[in-house]
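**Student:** Below is the structure I would like to discuss, written out as structure tokens.
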Amino acid sequence: MNNRLDNNRTIRAPHGDKISAKSWQTEAAKRMLMNNLDPDVAEHPHALVVYGGIGRAARDWPSYDKIIATLDRLEDDETLLVQSGKPVGVFKTHSNAPRVLIANSNLVPHWANWEHFNELDKKGLMMYGQMTAGSWIYIGSQGIVQGTYETFVAMAKQHFAGSAKGKWVLTGGLGGMGGAQPLAATMAGFCALVVECDETRIDFRIKTGYVDIKANNLEHALQLITNACVKGDALSVGLLGNAADVFSTLVKSGVTPDVVTDQTSAHDPLNGYLPQGWSMEHAAKMREQDPKAVVTAAKQSMAVQVRAMLALQQAGAATTDYGNNIRQMAFDEGVTNAFDFPGFVPAYIRPLFCEGIGPFRWVALSGDPEDIYKTDAKVKELIPDDAHLHNWLDMARKRIQFQGLPARICWVGLKDRARLALAFNNMVKNGELKAPVVIGRDHLDSGSVASPNRETEAMLDGSDAVSDWPLLNALLNTASGATWVSLHHGGGVGMGFSQHAGVVIVADGSDEAKQRIARVLWNDPATGVMRHADAGYDIAKNCAKEQNLDLPMLNEE
């Protein structure tokens with residue numbers, strides 16, 4: 001019997017101010033776990049898969065049921081330990097300790113590869129937590145929209161004199177992460193052609209407002225893109241097809257996009273990438289019958305796609321890796337120049353990381369969108385002079401549909417995270433919000449990840465692979481009193497290529513929450529400034545001095 005699949009389950013988080021757990025801290029963790037599996041949020045909820053190939057919220061359905069039951073009975077001086085999606089222990093701690101500590105997908109380095117992980121996964125001994133799937137803070141495609149938007153805005157500034165009008169992006173993948181690309185591109189002023197091999201994903205993104213239109217074929221797609229570019233409109237087009245096929249066809253046809261990237265689930269060649277010439281049904285069958293053949297065929301197709309991306313770069317397209325490790329997969333297949341195009345973090349995002357700026361997010365446990373709109377207004381009030389941020393919030397309200405519990409993503413840094421969260425806590429206390437707010441972030445943040453092919457690619461001092469930093473981040477957030485803390489391996493880029501930590505805290509309006517928020521949401525982004533200052537970035541050093549961070553090795557500079 002497959003205890004990971006239950007087609008009869010439909011999970012939705014409770015809304016409102018009535019709780020069944022013993023406190024809002026544990027009620028929040030329960031609701032966020034359930035929200036990760038809401039059919040409006042998750043990619044394959046019946047199989048516990050949230051996003052990113054096989055990124056799960058719990059190891060299996062018995063584990064899920066036991067986590068829910070345990071959170072309902074957990075006392076305010078107890079901590080639940082979750083090991084790769086399975087609840088393994090409840091221990092007496094104290095009221096300011098985290099209520100849940102999570103470790104997902106972690107393997108001793110020598111064994112940290114997909115082959116060994118897949119053996120353990122098949123035996124039911126592990127699960128892949130991705131980043132926010134197994135740490136219960138996924139908010140649907142909105143969670144990555146602003147980061148993608150910031151990247152596209154930076155590309156327009158660097159390559160097109162600040163204007164994306166009449167320019168278009170070619171990319172692949174419309175899963176939980178890739179699905180953000182078309183909306184982010186059009187928000188930034190680009191047109192976007194997104195290739196996806198699963199038609200249900202195109203339809204889902206159209207339904208949720210992330211894709212504007214579905215093309216019948218490549219010729220139709222290019223006609224739609226060309227017409228929109230000529231008019232100066234920003235249009236997103238979903239095209240059913242194989243990314244390796246379509247990218248290669250464009251090269252042969254001499255059609256050069258302005259921007260090229262990719263967000264297929266290339267990080268997981270077994271479960272995340274469809275080989276050329278294969279149907280979805282054939283791939284599903286082969287995963288059971290001959291997984292090694294699937295991996296081989298998928299990586300060969302990735303090599304074809306990356307060669308096409310390199311050719312488009314040579315033809316003049318601004319080309320970047322969007323963090324799915326496709327360059328590494330192609331390199332392993334003999335594409336020796338796969339890394340000739342850069343990753344998006346060193347190319348466009350790192351200056352933000354140097355100031356601790358990253359994907360801050362919050363969720364209204366009331367389930368009422370008005371609570372999010374009120375917090376949007378509070379952000380504008382507290383950060384009055386940031387026109388770019390205000391523009392983002394305005395666009396988000398108009399164009400982003402909530403998935404599951406209403407949520408907002410907003411890239412802010414060390415200067416602002418704690419004071420925004422404290423304001424939200426005060427709004428809960430005063431009754432301005434109908435229920436508490438959950439505050440967290442992606443693991444893709446300035447101080448919480450080591451990923452040499454993504455977030456820590458091309459660090460100034462060569463410390464790309466040093467993973468002490470996310471471990472220190474998780475330890476500090478635990479000591480600071482976060483509500484739940486997670487430590488994962490392999491998110492984004494796959495097994496053996498990343499380690500990363502997550503943090504979530506609940507603003508329940510209490511004075512105790514106020515104290516915890518002040519510690520956690522200062523210390524967490526401060527570790528990002530620390531990490532980049534230690535690597536020698538002047539922006540980070542200046543930020544550390546301005547914010548009076550105590551960094552012993554830098555204090556005398």
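Each residue, glycine too, has its Cβ placed from N, Cα and C.
Straight out of Swiss-Prot:
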type	residues	note
BINDING	52-53, GLN130, 176-178, GLU196, ARG201, 242-243, 263-267, 273-274, TYR322, GLY492	NAD(+) binding site
ACT_SITE	CYS410	active site
**Student:** Rounded to the nearest Å, what's the C-alpha distance separating TYR273 (NAD(+) binding site) and the residue listed as 'active site'? Just drop the number here, would you?
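**Tutor:** Distance (Cα to Cα, whole Å): 30 Å.
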**Student:** In the structure shown, which of the binding-site residues GLY52, GLY176, GLY492 has the fewest Cβ neighbours within 10 Å?
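**Tutor:** It is GLY492 that, of the binding-site residues GLY52, GLY176, GLY492, has the fewest other Cβ atoms within 10 Å.
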**Student:** If you compare CA-to-CA distances from CYS410 (active site) to each of the binding-site residues GLY52, GLY176, GLU196, which comes out shortest?
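**Tutor:** That would be GLY176, the closest of GLY52, GLY176, GLU196 to CYS410 (active site).
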**Student:** Tell me which residues of the chain lie with their Cβ under 8 angstroms from that of GLU196 (NAD(+) binding site), as long as they are six or more apart in sequence?
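**Tutor:** Looking at Cβ-Cβ distances below 8 Å from GLU196 (NAD(+) binding site), excluding near sequence neighbours, one finds GLY172, GLY173, LEU174, GLY178, ILE202, GLY238, LEU239, LEU240, GLY241.
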**Student:** Which of ALA243, SER265, CYS410 has the fewest nearby Cβ atoms, counting only those within 10 Å, among these recorded positions?
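**Tutor:** Least crowded of the recorded positions ALA243, SER265, CYS410, by Cβ count within 10 Å, is CYS410.
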**Student:** CB neighbours of TYR273 (NAD(+) binding site) within 10 A?
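**Tutor:** Step by step: centre on the Cβ of TYR273 (NAD(+) binding site), count other Cβ atoms within 10 Å, giving 30.
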**Student:** Which of the three DSSP-derived classes (helix, strand, coil) applies to SER265 (NAD(+) binding site)?
**Tutor:** coil
**Student:** Look up TYR273 (NAD(+) binding site) in the DSSP assignment and reduce it to helix, strand or coil.
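**Tutor:** In the DSSP reduction, TYR273 (NAD(+) binding site) maps to coil.
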